[in-house]
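Novice: Handing you a structure now.
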Amino acid sequence: MTEVKKGKINQILGPVVDVRFPSEWLPEINTALELNNHGSKLVLEVSQLVGDNIARCIAMDTTDGLVRGQEVINTQKPITMPVGKQVLGRMFNVTGDPIDEQPAPTGKRMPIHRPAPSFAEQAESIEILETGIKVVDLLVPFAKGGKIGLFGGAGVGKTVLMQELIHNIAKNHGGLSVFAGVGERTREGNDLYYEMAESDVLDKTALVFGQMNEPPGARMRVALSGLTMAEEFRDAFGQDVLLFIDNIFRFTQAGSEVSALLGRMPSAVGYQPTLAFEMGQLQERITSTKKGSITSVQAVYVPADDLTDPAPATTFSHLDAKVVLDRAIASLGLYPAISPLQSTSRLLDPLVVGVKHYSVARRVIEILQRFMELQDIIAILGMDELSEEDRQLVMRARKVRNYLSQPSHVAEKFSGQPGLSVKLEDTIEGFRKILDGECDDIHEQHFLYVGKIDDVFEKAAKNK
């Protein structure tokens with residue numbers, strides 16, 4: 001039987017705990033340590049070895065009630081998560097303990113820290129993933145096995161858009177999904193669990209939560225916990241996995257909360273100096289290999305709507321598609337409030353999506369860009385000062401802008417409108433008809449919150 005290696009708590013600084021070990025038992029970086037905190041198990045993760053046989057650790061739960069001199073056990077391994085079929089339909093915390101009041105799984109567990117796949121193992125694919133959301137499919141096509149970021153400030157609809165993607169993709173895709181709730185509202189996690197149960201996608205989904213009420217240690221590691229489950233589905237089962245992370249900014253934020261306590265000098269805007277390294281470690285593991293793919297959708301909170309903030313700016317470089325949510329569009333009552341001019345995808349290329357799709361998408365972007373340029377003239381001089389050509393362009397641009405809106409399935413109970421999914425070919429055809437002037441005699445109001453272009457004609461015919 002292996003000897004139990006024990007140390008003692010030396011200092012407690014909020015979520016950071018120093019533990020002194022005998023020199024021969026000093027744990028390695030990223031090792032999980034365990035102790036009994038008034039009847040409940042507390043897990044610490046070694047972050048630094050600061051000399052004098054002291055391991056500086058980050059707590060995965062509250063440190064209330066800890067005292068100096070308390071015994072700590074070195075588990076001699078990193079934090080591990082249950083993986084495989086046993087986690088489907090279940091809900092876990094950062095250390096792999098169930099939080100759905102069901103028994104703990106007893107099968108295989110994997111460490112949350114592991115190297116990213118090598119270049120030789122990685123696979124590149126340019127298969128389009130249809131979402132049923134018009135603005136996304138037309139202007140920001142998603143790649144199967146790609147990384148997608150949903151950028152937006154507070155209250156512009158990131159979580160609703162992500163839940164809509166879960167609803168549309170998880171239902172049609174038929175593969176397995178992992179949802180990691182990183183530092184977001186517990187209420188939203190609760191709603192998501194019951195919505196998934198109702199729509200019969202829960203048995204194909206694993207959920208991991210480290211919500212905003214939890215200590216920074218849990219919020220810092222929960223994205224890795226969810227990723228570990230997704231990697232196992234990809235590598236051991238050869239599956240195409242969907243990984244949803246809401247919200248990747250909270251991962252960075254949690255790192256900055258403990259960074260100063262760990263004795264690091266802050267860098268730009270007070271973030272941790274290791275920001276790019278930590279983000280890279282996580283993002284490089286979210287990739288497709290020759291065994292299977294991980295398609296990840298990540299919500300990214302943008303502090304004060306500033307896209308140049310180091311946290312969202314660091315995330316940008318890792319993504320294939322960037323969906324930017326705009327408060328100005330949300331204030332017009334148009335949802336999803338996706339900015340067609342700020343959102344980009346590297347798949348919007350005629351060689352990937354085809355010439356017809358590409359040309360319609362470019363024309364939509366051009367007409368909206370010109371409409372934006374004309375806004376100042378309209379505001380000062382009014383529509384009458386525009387040329388006939390520009391007036392026609394403005395009318396069509398408004399119809400295009402309205403037609404980009406769409407009722408969502410997950411917001412049905414708030415809006416009272418049934419959700420709609422639209423096939424890609426119907427989306428392309430609809431925008432082509434607007435741009436070619438086939439809808440010039442229909443009022444722009446009829447283009448709001450509809451699915452196919454045929455619905456617009458029906459709506460207009462009814463109101464004649």
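Even glycines carry a Cβ here, placed using N, Cα and C.
Annotations per Swiss-Prot:
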| type | residues | note |
| --- | --- | --- |
| BINDING | Gly152, Gly153, Ala154, Gly155, Val156, Gly157, Lys158, Thr159 | ATP binding site |
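Quick one: how deep are these features, and who are their neighbours?
Specialist: DSSP assigns Thr159 (ATP binding site) to a helix in the three-state reduction. Within 10 Å of the C-beta of Thr159 (ATP binding site) we count 21 further C-beta atoms, all protein chains included.
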Novice: List the residues in the vicinity of the ATP site, defined as same-chain residues other than Gly152, Gly153, Ala154, Gly155, Val156, Gly157, Lys158, Thr159 with C-beta within 8 angstroms of the site's C-beta centre.
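Specialist: Residues close to the ATP site, other than Gly152, Gly153, Ala154, Gly155, Val156, Gly157, Lys158, Thr159: Tyr301, Leu325, Ala330.
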Novice: Under a criterion of Cβ-Cβ distance under 8 Å and sequence separation of at least 6, what residues of the same chain contact Gly153 (ATP binding site)?
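Specialist: For Gly153 (ATP binding site), the qualifying residues are Tyr301, Val302, Pro303, Ala304, Asp305, Leu325, Arg327.
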Novice: Counting other Cβ atoms within 10 Å of each residue's Cβ, which of the binding-site residues Gly152, Gly155, Gly157 comes out lowest?
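Specialist: So among Gly152, Gly155, Gly157, the binding-site residues given, the one with the fewest Cβ atoms within 10 Å is Gly155.
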Novice: What is the Cβ neighbour count of Lys158 (ATP binding site) at a 10 Å cut-off, with all protein chains included?
Specialist: 27
Novice: Out of Ala154, Val156, which of the binding-site residues is least crowded by other Cβ atoms within 10 Å?
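Specialist: Each of the binding-site residues Ala154, Val156 was scored; lowest Cβ tally within 10 Å is Ala154.
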Novice: May I ask you to report the DSSP-based helix, strand or coil state of Ala154 (ATP binding site)?
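Specialist: DSSP call for Ala154 (ATP binding site): coil, neither helix nor strand.
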